[in-house]
Amino acid sequence: MTTLAPKPAGVDRRLLHRARGAAVFIGVCAALGAARTACVVAGAWLTASLIAGAFAGGRSLDSLAPQLIALAIVLALRALLASVQEAAAHRASAGVKSGLRRQALEQLMRLPSGKHHTGRTAALLVRGIDALDGYFARYLPQLVLAVVVPVGVLAVMLIAYPPAALIVLLTLPLIPLFGILIGLYTRSRAERQWEATSHLAHHFADLVAGLPTLKAFGRAAKQAGAIEVTTGSYRRRSMSLLRVAFCSALVLELAASLSVAVVAVTVGVDLVEGGLTGEAGLKTALLVLILAPEAYLPLRNVGAHYHASAEGLAAAEQVFAILGDTPEHAETASEPDTTGTAASALARWSGRGSTPGPETKPGSAAITASRTMRTPLGRAPTIMFRRTVFAYPGRQPLPELSLTVPAGQTTVLTARSGAGKSTLMAALVGFRQPVSGSIAFDDAELTDLDLAAVRRSIAWLPQRPVLIDGTVAENVRLAVPDGASDPAVAKAIAAAHAPAATRTVAADGSGLSAGEAARVGLARFLLRVDLLDPPVLLLDEPTAHLDSDTEQAVLDSFAPYRDQRTVLIASHRPAVRAIADREVDW
Ligand SMILES: Nc1ncnc2c1ncn2[C@@H]1O[C@H](COP(=O)(O)OP(=O)(O)OP(=O)(O)O)[C@@H](O)[C@H]1O
């Protein structure tokens with residue numbers, strides 16, 4: 001877990017840099033802040049003249065009517081500006097949050113699977129990024145107001161009554177000073193709070209995933225105790241953070257109130273001693289008394305909103321950690337991802353078995369996306385593993401392997417179970433990296449290639465294709481990020497002998513037999529191959545759950561797709577071995 005804490009105050013440049021539109025938003029806040037300051041001053045001046053005119057000047061209500069109307073307009077304008085600022089803040093916040101989510105998701109798609117905990121990452125991208133609302137919608141606008149309002153108010157006070165301006169000038173820094181001290185104190189607490197949140201999310205995700213197993217072994221009820229401990233720790237940390245937030249508000253409130261009291265005493269003494277006399281004197285005294293709290297208010301609010309933003313900033317640090325993560329040679333990417341959105345990336349990789357291809361096959365009208373990305377792989381490249389060694393944490397490394405998969409041929413891997421066949425395939429799409437040795441497509445090392453483009457050039461049918469809640473057709477359609485036509489989906493389903501397009505499927509595979517689920521994965525794979533024409537096909541146990549008749553039918557359907565492509569299949573099945581140009585064992 002990253003141990004970065006949010007800064008005690010200020011503008012996070014990386015957030016602004018990542019968030020297009022945030023700079024415009026700060027500009028809008030500054031303009032609105034200036035307008036609000038003008039309203040504050042005008043409101044105070046009108047209120048002071050109304051009261052002084054009525055009490056010291058003895059004016060009638062009729063003669064004060066224009067000022068009363070002006071005050072009502074100023075107050076309405078002030079409320080309007082506040083709501084415009086609120087709306088702008090929420091709009092900017094929504095834009096920033098969706099931008100960060102998209103960038104983080106796109107980055108996660110590039111990283112090897114399993115690098116980040118699912119539960120923690122889900123909490124980070126949903127709840128964590130949502131917490132940035134406190135920063136963008138509350139803290140940042142207040143920060144701008146905290147600069148603009150005191151300057152404007154002080155300038156007016158300096159003209160109206162310099163002694164009060166001097167007192168405010170001297171006491172004003174106390175508020176940020178206390179704020180910073182409290183911020184330093186809460187810094188680690190905010191981080192611990194976020195840690196507790198993500199731990200809780202991780203725990204729940206783990207528990208829900210393992211619930212069927214726990215129930216099968218009669219251990220589900222025992223988990224209540226563990227949940228109680230985790231939620232108890234979360235509750236304690238939340239309460240502790242809230243306590244600090246309340247105490248800090250109290251301290252800031254106290255400092256501001258004492259400062260205003262000093263101003264009030266000074267003005268009062270001057271009124272009594274005759275320094276301020278008549279209607280003009282009362283007006284000045286009232287103006288100063290009304291304005292003084294306004295100078296402190298935005299600074300106090302900054303302190304209060306800092307706590308609301310701290311959790312979001314702690315989460316943002318972790319998002320930056322993900323964005324700063326170096327995916328396997330992703331930094332070598334030289335071309336933009338033409339599929340663009342995280343949604344399409346998700347769709348692409350949730351159907352992992354079917355990596356997009358480089359370009360549209362001529363006549364494939366079903367494809368709607370523009371695929372301008374050239375493939376870095378030649379047509380049907382030769383694949384070479386050169387003295388590669390793979391290792392999983394806490395396990396003995398797999399034996400060193402040198403292997404050539406000839407171009408345009410079908411190679412069947414028949415090595416024993418656990419020898420590393422699936423690992424080899426995952427490595428070709430960058431989900432695993434060798435600890436030593438190298439992988440090459442023709443003359444190009446995988447580490448020198450644009451990984452996103454490599455993935456587009458490979459179609460991969462994994463051993464256990466990922467399913468989503470929905471119909472068979474929806475599951476198959478995931479193969480193509482921007483959608484495929486109904487006839488294209490129907491053709492792939494028929495070729496894979498998959499269940500009817502309208503059958504419903506659950507993400508855990510329930511609703512389908514293991515063989516049916518495997519054929520849905522195969523249909524997805526074939527759709528991708530059919531529409532996107534990738535030169536490399538990887539199939540991991542494609543017929544594992546099929547009876548021999550269905551297996552033969554599927555292999556017959558697959559035969560035309562093997563032509564002119566480099567095909568790598570992991571299987572021990574005789575029918576699959578029968579289609580091999582070459583078998584490899586180790
Ligand atoms: N995520 C993982 N964490 C730890 N060890 C793993 C992980 N994935 C695979 N392994 C181990 O790596 C070795 C190779 O696994 P892999 O799945 O690549 O073998 P395989 O040849 O495809 O096996 P099978 O034919 O049974 O599918 C095995 O010993 C396996 O237990």
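Every residue gets a Cβ built from N, Cα and C, even glycine.
Quick look at what TrEMBL lists:
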DOMAIN    28-311  domain 'ABC transmembrane type-1'
DOMAIN    383-584  domain 'ABC transporter'
REGION    329-372  region 'Disordered'
TRANSMEM  21-52  transmembrane segment
TRANSMEM  64-81  transmembrane segment
TRANSMEM  143-161  transmembrane segment
TRANSMEM  167-185  transmembrane segment
TRANSMEM  244-268  transmembrane segment
The transmembrane segment (21-52) vs the transmembrane segment (167-185): 3 or more CB pairs under 8 Å: no
Intrachain residues whose Cβ lies under 8 Å of the transmembrane segment (167-185), provided they are six or more past its termini: 8-9, 150, 153-154, 157, 244, 247-248, 251-252, 255-256, 258-259, 262-263, 266, 292, 295-296, 299-300, 302-303, 306
For the transmembrane segment (143-161), sequence-distant contacts whose Cβ falls under 8 Å of one of its Cβ atoms, 6 or more beyond its ends: 9-11, 26, 29-30, 33-34, 36-38, 40-41, 44, 168-169, 172, 267, 276, 284-285, 287-288, 291-292, 294-299, 301-302
Mean of pLDDT values spanning the domain 'ABC transporter' (383-584): 90
